[in-house]
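A short write-up of the structure that comes next.
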Amino acid sequence: MSVEEDQVTDGRLLSSVTGPQDLKRLTTDEMSVLAAEIRDFLVAKVSRTGGHLGPNLGVVELTLGMHRVFDSPRDRFLFDTGHQAYVHKILTGRQDGFDLLRQRGGLSGYPSQQESDHDLIENSHASTALSYADGMAKAYALRGEDRHVVAMVGDGALTGGMCWEALNNIAATENKLVIIVNDNGRSYAPTIGGLSDHLATLRLNPGYEKVLDLVKDSLGATPVVGKPVYEVLHAVKRGIKDAVAPQSMFEDLGLKYVGPIDGHDQAAVETALRRAKGFNGPVIVHAVTKKGFGYRPAEEDEADCLHGPGAFDAETGKLLAAPSVKWTGVFADELVAIADERPDVVGITAAMAEPTGIAKLARKHPERVYDVGIAEQHAATSAAGLALAGLHPVVAVYATFLNRAFDQVLLDVAMHRLPVTFVLDRAGITGPDGPSHYGVWDMSVFGVVPGLRIAAPRDAATLREELREAVAVEDGPTILRFPTGSVAADLPALRRVGGADGVSGGVDILAEHGSGAERDVLIVAVGAFAHLGVDVAARVAAEQGYSVTVVDPRWVRPVPIELVALAREHRLVVTLEDGVRNGGVGDAVAKALRDAEVDVPLRDIGVPNDWHAHGTRAQILADLGITAQDVARDVAAWASRVVPARTH
Ligand SMILES: Cc1ncc(C[n+]2csc(CCOP(=O)(O)OP(=O)(O)O)c2C)c(N)n1
Ligand SMILES: CC(=O)[C@@H](O)[C@H](O)COP(=O)(O)O
Ligand SMILES: [Mg+2]
């Protein structure tokens, strides 16, 4: 079924649904109409705003079933990763909010407690829901509360280690926890690994569920030898299943298992969920779904089933925005060029080969790219293994997702001084995906790792150069981080100071305003903020007459010695970074000046240590006062306090 094939729904039924309570009275026929209306709604809205279309088209019946069988918010619903919670939002009174989905002041693209008491997990990092669920179910059991926790987790999220830590604990309880495995066989791309193969094996044996229905129909509803029909059927099922179908690994863990069921068959979904609810204990409901179901352009999109497109043409599914040269593309091209020269260079992705650009390397050297699933911790330590065996791994992840692998980077990689390069895409403020997607922590969190170097290229030319330098480092790990979106215009240096020793990398002088030995302001502009620094310098020099120098350190960690020497020649140092201020580059430079007894005041501009709501990157930076106009005003004010008034 797809939007164009389906009779165009008029949305009347959907508009009558003001909350989950309205679902319970609907007939089976009305439910299938409602499902079609929800799909039309999703395509119509997300085609205008962009967002997670494929995942949400795939969970319409599952989400309807959750709200029909359980009672949210008394029963608690958890969505792993949360990108597939749009249907839940539609059913819990937020249809009107979709016109501003993922936009400032509009609906979050993930569950939001501020939006609704039906929502809980706001973190968009995968593989966390089952741990939350275990904790919540334990709390309700401790208080003797008769309520279920229902967690939806995708097959991709299940490749994350935390899920198995949670399942190990959940299996040891008798708590009321229903886990819906939404098995569409994909993360972005097809899900990898033995778990995925196991789920596929289970998927291939739907027969026993159908046999169960057959036996149920033939026996009719009459109790047999005094036993309720279901117990007899269950015994029959067990016999058939053991004969024709493998036991699921979930059952091997001691968990009850229901499925696999057709996750788009509303009746089957609700039957399975009622059965699971009736167990009153931990149970897996294995639902087989299709990502993008019901909208042909998504179903047929081989890349990622329109996982998270920007605005698109609802009729064709084609993206509306013309592709621009992205940081990711520059990285991908240079990585392939390096790999052509360096057979020891290999790539690792955590289920995001296309979004991180590693797919380009996989197309050229398929045997040298490893997709480890949504498993960033494993990515880091398996990279350590690759390096111990003499290779140079390049681990490409979004900056925010490396947070969870801090211990692995610190002790498994850096303590062993292993040559692993972590390429962090989407570093800094990203925007529509909100605070758990902002890549603002890496320079602070990983800045404390002994022996690890961090580079933040300012444009395509320095990305290429600094990537080459990073993969040339053999005595420890390196991080290369760059922001989301279109790559900044090239910003050539006037000259480089230092770097000849091949250690610090030196400092690029990007702009110099004014003359004289005693200079007023040194602006240290990190990464893509180099352009901002150059713009600010021009304003401050022109409007206040200060002498200003703008520099871009080739490595932002450790702080280059040349930066300390340059600071000594200025009256004020200002750092600009697309990362949290606490423990960021500003703090590191201030410490380096203190350690060198360079007594020059320093002011650091960066992202305040807080949770910043979603919006566009430009809006959020403007809200934070990180614009050329705001920064120029601040720099002028700070300079006025330390630069002696001049007689003009
Ligand atoms: C820790 C972490 N790594 C990577 C991502 C990026 N990501 C978002 S959704 C997704 C795929 C999720 O697949 P699955 O759990 O199967 O859900 P589906 O989209 O198929 O419904 C990934 C890798 C993430 N959100 N969290
Ligand atoms: C949910 C998730 O982690 C990703 O799908 C995220 O939305 C990626 O965003 P971009 O690739 O658009 O930066
Ligand atoms: Mg999936």
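Note that the numbers count up from 1, one per residue, in the order the chain is shown.
Any Cβ shown, glycine's included, is placed from N, Cα and C.
Since the structure is predicted, the reported quantities are computational estimates derived from the model, not experimental observations.
Look at TrEMBL and you will find HIS83, SER124, HIS125, ALA126, GLY156, ALA157, ASN184, TYR295, GLU376 tagged as thiamine diphosphate binding site. In this view, ASN184 (thiamine diphosphate binding site) is surrounded by 25 other Cβ atoms within 10 Å of its Cβ, with every protein chain counted.
Sequence annotations record features per position, and here TrEMBL assigns Mg(2+) binding site to ASP155, ASN184. In this structure, ASN184 (thiamine diphosphate binding site) belongs to neither helix nor strand by DSSP; it is coil.
According to TrEMBL, the feature domain 'Transketolase-like pyrimidine-binding' maps to 325-489.
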All-chain count of other Cβ atoms within 10 Å of GLU376 (thiamine diphosphate binding site): 30
Spatial separation of ASP155 (Mg(2+) binding site) from HIS125 (thiamine diphosphate binding site) - C-alpha basis, Å: 14
Distance [Cα-Cα, Å, rounded] between HIS83 (thiamine diphosphate binding site) and ASP155 (Mg(2+) binding site): 14
Count of other CB atoms lying within 10 Å of the CB belonging to GLY156 (thiamine diphosphate binding site): 30
Residues satisfying Cβ distance under 8 Å from ASP155 (Mg(2+) binding site), sequence separation of at least 6: VAL181, ASN182, ASP183, ASN184, GLY185, ARG186, SER187, THR191, LEU195, SER196, LEU199
Listed binding-site residues adjacent to ligand 2, that is, members of HIS83, HIS125, ASP155, GLY156 whose C-beta is under 6 A away: HIS83
Helix, strand or coil at GLU376 (thiamine diphosphate binding site) [DSSP, three-state]: helix
